[in-house]
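Novice: Pasting the feature list from TrEMBL:
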TRANSMEM  14-32  transmembrane segment
TRANSMEM  52-72  transmembrane segment
TRANSMEM  93-112  transmembrane segment
TRANSMEM  141-164  transmembrane segment
TRANSMEM  185-208  transmembrane segment
TRANSMEM  228-249  transmembrane segment
TRANSMEM  261-281  transmembrane segment
TRANSMEM  311-333  transmembrane segment
TRANSMEM  345-366  transmembrane segment
TRANSMEM  403-428  transmembrane segment
TRANSMEM  440-459  transmembrane segment
TRANSMEM  465-486  transmembrane segment
Amino acid sequence: MDSSSTGKKGIDQIMLIVISIVIGALVVWGIITPKGLEAATSAALAFITSNLGWFFLIVIFLFVIAMIIIMFSKWGKIRLGGQDEKPEFSTMAWFAMLFAAAMGIGLVFWGVSEPLCHYFSPPIGEAASDGAVGIALRYSFFHWGLSAWVVYAFVGMCLGYFAYNLKRPFLISSVIEPLVGKHRWLMPVADFTAIFAIFLGVATSLGLGVMQVAEGLNSVFGFPVSNLIYGVLVIVFTGCFIISAVTGIKRGILYLSNTNLILAGFLLVAVFVLGNPRFVMNALTTGLGEMLQNFIPMSTWTNYLNDGAWVGGWTVFYWAWWIAWAPFVGGFIARISRGRTIKEFIMGSLIVPTLICATWMCVWGGNALYLQHYGIFDFKPMLDASTASPMFGLLQNLPGTTLLSVIAMFVIAIFFITSADSATFVNAMYCSYGNENPKTWLRVVLGCLEGGLALILLLSGGLTALQTASIVGALPFLLFMIAMFFSITRALNNDVVVEPTAVTESNMGSIDLDKTDVTVQPAD
């Protein structure tokens, strides 16, 4: 779909002005009083997690059920772009791009730290016990599993279907348009929410990536962690993801995603082989079984008899984080999924990534838990100092520490770049009335703004507040997601499944082969 099919061309100047004013106000606030910004956003987040945590839990759980039903229903046969559409990318390239964009540095950042956090502070049971090992892995699989990926898959399915099948602009507002009626002011609000979330998400992701690479440089080469290192890394990362975004999906983004898949795969295998493979495989098998067995209880557990702080600080926080990233990740996955059936789309963006994330978490987190639980290495001081450090602490306990640490830093950098370039591309689409190929200069400008935002708040100490602010924005977008659900189910129910007509001697003369070779059956 080019700009001509959106009904509008060029740049949405009003949206750019409004988003610039809001982002600028946050930056000024973060520079002048970073603690004040953090206090305000933290209070808002605490209110949401304490009072509306149940709402996040039940809605995300219902989305998981709904997407699995859609995958195996007749709707699963519908192809994004029409029944004759062919996939734009190979399956391997498609998956490499969607996985790199969706997880970014988060999986690398938390692969060791999260299981250790749950081990030292489990939601139930005794800390640092045998039971805490299993709970740590179970919840790590859960937080990075079906409930995380369903948010991305759902938003991507909605955007892809409305853009490719219904020929609507590539915008969140296009999905809710059939429901708004006279309240059309909700449409720009939905698009603003998406663009705002992407800006804050990229900036916080860049900040987290810079912090972890800086820790790696300190661990391997002894470079002190300083504002100078932060500044250099932000400039380098920003330049790289802008170049990648400018070269487009089929060049820069695709190349980096494939490279990252190879490097991350090598690192995963190396840590698995050089660590304790027997412990990891046993832990993975048991952990997946326990996660599936307890999926419904974990999905709906609010810990209401206590203060619910653990659930709010971890599960609800994660659900809000995935929702905040959904406008970007869902939009990008939709952009690269033309030609896929809905069943194939859900399988590739929901089921397979869940298994890969569990494997990654178990290889990294499982080896760290083994070292910690059996007294071989104490991660607690590193974890207390910085959640970015334990990953390199694990690598220090493996042969080839320096090589693996250097590769790990490259993986972190490329993971971020592939997320940021994809996010910048999608943001430019949203700022161009849904044009699938936004102007190059706009991608450059948005990339510079994202990098500058991250640098200013990283140096001023306002990065944590920015991350919290982006998660607070998840609440309004969750409401839009609910509206999107009713809109997409109505649209799918009105669609058709196209199947070939069997040609026999009895009907051969009645079929006009020049006009059609299919029959149309309602998908109900």
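Backbone N, Cα and C define each Cβ position, glycine as well.
Note that TrEMBL annotation is computational and uncurated.
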Novice: Are the transmembrane segment (311-333) and the transmembrane segment (52-72) close, by which I mean at least 3 Cβ pairs under 8 Å that are 6+ residues apart in sequence?
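Specialist: Since 3 or more Cβ pairs under 8 Å link them, the transmembrane segment (311-333) and the transmembrane segment (52-72) do come into contact.
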Novice: Grab the same-chain neighbours of the transmembrane segment (345-366) for me: Cβ-Cβ under 8 Å, and only residues 6 or more beyond its ends, written as numbers and ranges.
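Specialist: Distant contacts of the transmembrane segment (345-366): 67-68, 70-71, 76, 80, 91, 94-95, 98-99, 102-103, 107, 111-112, 114-116, 136-137, 140-141, 144-146, 148-150, 152-153, 156-157, 160, 268, 271-272, 275-276, 279-280, 283-284, 287-288, 291, 333, 337, 391, 394.
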Novice: Is the count of Cβ pairs under 8 Å between the transmembrane segment (440-459) and the transmembrane segment (185-208), pairs 6 or more apart in sequence, 3 or more?
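Specialist: Touching, yes - the transmembrane segment (440-459) and the transmembrane segment (185-208) meet the threshold of 3 or more Cβ pairs under 8 Å.
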Novice: Can you find at least 3 Cβ pairs under 8 Å between the transmembrane segment (93-112) and the transmembrane segment (465-486), where each pair is 6 or more residues apart in sequence?
Specialist: no
Novice: Do any residues, 6 or more residues outside the transmembrane segment (261-281), come within under 8 Å Cβ-to-Cβ of it, and if so which ones?
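Specialist: Non-local partners: 96, 99-100, 359-360, 362-364, 366-367, 370, 394-395, 398-400, 404, 407-408, 410-411, 414-415.
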Novice: Are the transmembrane segment (403-428) and the transmembrane segment (141-164) near each other by the rule of at least 3 C-beta pairs under 8 angstroms (pairs 6 or more apart)?
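Specialist: In this chain the transmembrane segment (141-164) does not contact the transmembrane segment (403-428) - fewer than 3 Cβ pairs sit under 8 Å.
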Novice: Between the stretches 52-72, 403-428, 465-486, which one has more Cβ pairs under 8 Å with the transmembrane segment (14-32) than any other?
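Specialist: When the Cβ pairs under 8 Å are tallied, 465-486 comes out ahead.
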